[in-house]
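Chemist: Below are the features listed in TrEMBL for this protein:
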{"type": "DOMAIN", "residues": "22-156", "note": "domain 'MATH'"}
């Protein structure tokens, strides 16, 4: 078989690499009972934390994010707290079991990445989370609250895409391989 490339002719290749830059934040709310009754739509926020070159914050709504939930649920969201557009990320929110039994309540987007892909936050203040994260009456009688303190853990994985290349691929053919038939 004769190679169709001439001496010194080259092809090139490149590679797109998608990866996540992961980071996490622990957020405690001491005096949980004093946070109740703030009203729907009112929140307590964590300090900002950085992951993947962006700032993030956890928003906890003790009386729910929306009035229609009638304070029946607590809401938890992760918000983009810095400037950025079309930030793609994966998230995990964990309500920590403080009894030592290890029965944490985990809501993870990491395990569903293949189904739905990363979540895209369009602008500062965009959020990902749950309006109905946990029924409030169940939360208040659970092992998630100890000594009037609620603790949660948040993991953010910012998706970055980088391209490696181009890399040249050279083809050199020796003269004795072209066209000589015996």
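Along the chain as shown, the residues are counted starting at 1.
Placed from the backbone N, Cα and C atoms, the Cβ positions cover glycine too.
All TrEMBL annotations are machine predictions without curation.
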Chemist: Is it possible to list how many residues within the domain 'MATH' (22-156) are helical, extended or coil according to DSSP?
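Modeler: Going by DSSP assignments, the domain 'MATH' (22-156) contains 19 helix, 65 strand, 51 coil.
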Chemist: For the domain 'MATH' (22-156), would you mind checking the mean pLDDT of the predicted model?
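Modeler: A mean pLDDT of 92 is what the model gives the domain 'MATH' (22-156).
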